[in-house]
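Engineer: Sharing the features that TrEMBL gives for it:
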TRANSMEM  239-261  transmembrane segment
TRANSMEM  303-329  transmembrane segment
TRANSMEM  335-354  transmembrane segment
TRANSMEM  375-396  transmembrane segment
TRANSMEM  408-431  transmembrane segment
TRANSMEM  462-486  transmembrane segment
TRANSMEM  492-519  transmembrane segment
TRANSMEM  531-550  transmembrane segment
TRANSMEM  562-588  transmembrane segment
Amino acid sequence: GDPLYVKVNKLTSTKTQLPFSYYSLPYCQPERIVDNAENLGEVLRGDRIENSPYEFKMRKPRMCNIVCRKVLDKKTAKAFKEKIDDEYRVNMILDNLPLVVPVRRFDQENGVVYQHGFHVGLKGRYAGSKEEKQFINNHLTFTVKYHKDPHADSARIVGFEVKPFSVKHEYKGEWNEKTRLTTCDPQAKRAVTSSESPQEVEETREIIFTYDVEFQESDVKWAYRWDTYLLIADDQIHWFSIVNSLMTVLFLSGMVAMIMLRTLYRDISKYNQLETQEEAQEETGWKLVHGDVFRAPANSDLLCVYVGTGVQFFGMILVTMIFAFLGFLSPSNRGGLMTAMLLLWVFMGLFAGYSSVRLYKLFKGTEWKKITLKTAFMFPATIFSIFFVLNALIWGQKSSGAVPFRTMIALVLLWFGISVPLVFIGSHIGIQKPTIQDPVKTSKIPRQIPEQAWYMNPTFSILIGGILPFGAVLIELFFILTSIWLHQFYYLFGFLFIVFVILIVTCAEITIVLCYFQLCSEDYRWWWRSYLTSGSSALYLFLYAAFYFFTKLDITKPVSGVLYFGYMLIVSYSFFVLTGTIGFYACFRFTRLIYSSVKIE
């Protein structure tokens, strides 16, 4: 008999990707609408959680409860029609569980798939008519599943399902508070079981909103109530993709091991013997460039900034993954993932400042404050400006997905108030540390680089380098895109963690292999190339996102298309910074290792 309050969330559509608040449509309203946003992540996701006129009593079924009666005018009819055409779904929440519509799958025995939220309405034709009409789902049959406590009479909610129907309700006489419907009557035990005479959406039509609620006992314990939502249709494909990526990793590791053991061992022993045989002038290969290999590259300031940003990103992703892997960021905690990532990004500023200044000091730079400022502002400012433009577009569509002005200010405060000072503290610690010593001395005059073979052309080798890291994450990427743009839950953090480790290893190894070939052909400009080699996988990621857009999504509105590509641009740029930094550090360690093991007279 306890009261249960149903909350309403945003209206969502995979066709437009623009969420709207529930009361942007003329649905029945409670006396006072109260907003229940809980955290920063929810606001950024466009969740607008509000109270609703749907109230149940625990374990007390009700039939044909009338919520309200609405008569449509031109404006409200148009609003409903637009949302039905764009296939919008209504999302509700009861006891933190999202509302789902069970859909039977005929290819599996007793297979049921859960879809989030129910459609605002559907389109159809009357028999014998060619004109397509819109019909609204105005009768909802809710099923609340509960698990009884074996020792007491209390019970906990473990499921919240709905079957929507479109019904043209009828009644006798004039409408008043006590009118009884003839189409749906609890006393005559007439329930709505089908949408045979549906409710059309047209100007001046009246719509009566009704609902039933039934309670079902369930064997599902409260702790496992999210399992049905997170049920993965097929996890074999994930294992397949991981085995596939591991093959790539093994192949690359084999190559790296061959280079390290065979070539280096042979090269180093040969070089060290040469000294005794006085044949040093006939040297070939990577030792020839020992006087130039640690020469600072062009635009070294920019490289320092990018490396610092990459370290910040790497730290954020790594800690988020570990938290998610341990189960702290379950989808039941709406917006938890977003909030965690934002806060971690801000706190990782410390490492960004430290690593960019350490590298800057190695390049004998003196203006460390300038580098620190660039590290603190360059990447976030780029992302923020793209985000700001996209937000203005969403705002122009009057969508609830637009981030409110107050939240924008909160984000700017996080950035200026916490992130920037932390970058400076990191830089200060970095500048106090002794400079990293190069294993070999750099000559005064740069040596000439011989003409390179076509396959050692920088553009070609950089583009080749990005293919393998991208291949390693391709299948998981598909599932992540589906969860973001087709509104599914993504809860495979275990798989994701393995894939992330594979990505790190692949980026590191491909860069080392290509860097070695480059040094062997006496080209010592490896600083930027090592960053771009693995970073170029971001280009493939963006191209794949475009392919996904045209093959999997049926987005028709231009604004939604711009949003999709804008957000994917942010994702690709971040991926570039992350993979580039991994490649750079791998190559950095590798060159120091090989040159420190050679005697140079």
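Cβ atoms are placed via backbone N, Cα and C, with glycine included.
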Engineer: Before we move on, state whether the transmembrane segment (462-486) and the transmembrane segment (492-519) share at least 3 Cβ pairs under 8 Å, counting only pairs 6 or more apart in sequence.
Structural biologist: yes
Engineer: Sequence-remote contacts (6 or more beyond its ends) of the transmembrane segment (375-396), Cβ cut-off under 8 Å?
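Structural biologist: Apart from its flanks, the transmembrane segment (375-396) reaches 18, 304-305, 308-309, 349, 352-353, 356, 402-403, 408, 411, 415, 419-420, 423-424, 427, 559, 562-563, 566-567, 569-570, 573-574, 577.
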Engineer: Under 8 Å between C-beta atoms and at least six residues away from its ends: which parts of the chain pack against the transmembrane segment (303-329)?
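Structural biologist: The answer is 297, 336-337, 340-341, 344-345, 348-349, 351-357, 359-360, 363, 365, 371, 374-375, 378-379, 423, 493-494, 496-497, 500, 527-528, 531, 574, 577-578, 580-582, 584-585.
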Engineer: Given a Cβ distance threshold of under 8 angstroms, which distant residues of the chain, six or more beyond its ends, lie next to the transmembrane segment (408-431)?
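Structural biologist: Non-local partners: 40, 308, 342-343, 345-347, 349-358, 361, 368-369, 371-372, 375-377, 380, 384, 388, 391.
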Engineer: State the residues, same chain only, that lie 6 or more residues beyond the ends of the transmembrane segment (492-519) and have a CB under 8 A from a CB inside it; answer 'none' if no residue qualifies.
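Structural biologist: Result: 232, 235, 238, 241-242, 245-246, 248-249, 252-253, 255-256, 259, 263, 285-286, 289, 293, 317-318, 321-322, 324-325, 329, 456, 461, 464-465, 468-469, 472-473, 476, 479-480, 526, 529-530, 533-534, 537, 579, 582-587, 590-591.
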Engineer: Using a Cβ-Cβ cut-off of under 8 Å, list the residues of the same chain that are 6+ residues beyond the ends of the transmembrane segment (335-354) and lie near it.
Structural biologist: 38-45, 47, 308-309, 311-313, 315-316, 319-320, 323-324, 328-329, 372, 375-376, 411, 414-415, 418-420, 422-430
Engineer: For the transmembrane segment (239-261), find every same-chain residue at least 6 residues outside the stretch whose CB is under 8 Å from a CB in it, and list them.
Structural biologist: 468, 471-476, 495, 498-499, 502, 505-506, 509-510, 512-513, 516
